[in-house]
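Chemist: Take a look at this one; I'll ask things after.
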Amino acid sequence: MFIDTAKIFVKSGDGGHGSVSFRREKYVPLGGPDGGDGGKGGDVTFVVDPGMTTLLDFKYKRKFVAGRGQDGQGSKCYGRDGENLTIKVPMGTIIRDVETNKVMADLSHRDDTYTICRGGKGGKGNCKFCTPTRQAPTFAEPGMPGEERWVALELKLLADVGLLGFPNVGKSTLLSVVTKAKPKIANYHFTTLKPNLGVVAVPGIEPFVMADVPGIIEGASEGVGLGLDFLRHIERTRLLIHVVDISGVEGRDAVEDFKRINEELKNYSVKLWDRPQIVVANKCDMLFDEEIFENFKAEVNKMGFDKVFKMSAATSQGVEEVIKEAARMLKDIPVTDLEIPEDERFIPEDKKFTYTINPIEEDGLKVYVVEGSFVDRLLLAVNVNDPDSLRYFHKVLNNKGIFHELREMGIEDGDMVRLNDFEFEYLL
């Protein structure tokens, strides 16, 4: 079974909690705080596995969670870091954020890796909050939660040459003749419903990978049929072999077919349309008027395509010439990397010290709403029921300039300050 898309949930490990502990040992008066820090949560990383060819593994398992950091303990014992999680994917996998549909990573090379979720930071133990004026802190920092998100995996085949054309023109037959691939071959449309790969290894030429993509129909660039799925698989190919049925047995016009397929390519991607093409007039063994091929060749030449060959995949006539020309052209064509437009790239949220303050009116009261990633992280580290922890919270707000900014905005005695679900009254 060929699976080329998957949707999975990934989550890095939560950080371990810091410990609240005091040294209690005989003959050691005033031992002081000795709570250790929690361990960091495990990361989630995608790595390329050259041995994988589909995303079938993700059909049965869709939830991936890294290990949690161990909590800190007394005697300044630090918690162990959570176990990292490695997810193997085939070469050519694109990772998209489901929420934004933006591309997070393109894993198209053998050694590519991408860390998608960083583990949560371990919380500090109470010994880290000891100061000359706070000699016995009764609070510690909880571990930060790990990152989590749904991602879509999309496999774009890595092949040197892509076979292009309408259904039932002989692409699968050509692939079976020049490689050891065994695609399904029959005399009806859409015999091929999934891409097939094969290695062309002919004496005297450099081996290359050929992909037989299911037949493209008119409107494929707009998603008609499975058009977008099929077109996606030829985006990475360096060279296209455009196969047409020159025999006219099915009543098709080879020139019109050629124009329509190229129009679909252009509508889907101009860069794909500009890719070098070898034009192959297949089923020439069923052609009884040589002038039909010559007229076809002349029309294709007018469109700017000069590599036109006559071939019969069924009898192997002309196949060797096509393969040798493809091998020769590949020597001069660089490897194609998928270019991702700027507006489709995923930009991670800035996790540095950021916040906003917005004044609002509620029931006649002035409320200053403080929001941002800094606020979320700070509140996780505060125990509002512990006086020492609240004093630490007040000190952080003061040191970060939030109280100063509130005064600049005109806050008055008795106004409310809201940080997420936590509110307090401002007193001058």
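Placed from the backbone N, Cα and C atoms, the Cβ positions cover glycine too.
In case it helps, Swiss-Prot gives these features for our protein:
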BINDING   165-172, 190-194, 212-215, 282-285, 312-314  GTP binding site
BINDING   S172, T192  Mg(2+) binding site
DOMAIN    1-158  domain 'Obg'
DOMAIN    159-331  domain 'OBG-type G'
DOMAIN    345-428  domain 'OCT'
Chemist: Which residue, out of the binding-site residues N168, S172, S312, shows the minimum number of other Cβ atoms inside 10 Å of its Cβ in this structure?
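Modeler: N168, out of the binding-site residues N168, S172, S312, has the fewest neighbouring Cβ atoms within 10 Å.
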Chemist: Provide, as an integer number of angstrom, the distance between the C-alpha atoms of G165 (GTP binding site) and S172 (Mg(2+) binding site).
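Modeler: Approximately 11 Å lies between the Cα of G165 (GTP binding site) and that of S172 (Mg(2+) binding site).
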Chemist: Over the domain 'OBG-type G' (159-331), what does the predicted model average in pLDDT?
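Modeler: A mean pLDDT of 78 is what the model gives the domain 'OBG-type G' (159-331).
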Chemist: For the domain 'OCT' (345-428), DSSP counts of helix, strand and coil?
Modeler: 28 helix, 23 strand, 33 coil
Chemist: Taking K171, K283 as the binding-site residues to compare, which has the smallest set of other Cβ atoms within 10 Å?
Modeler: K283
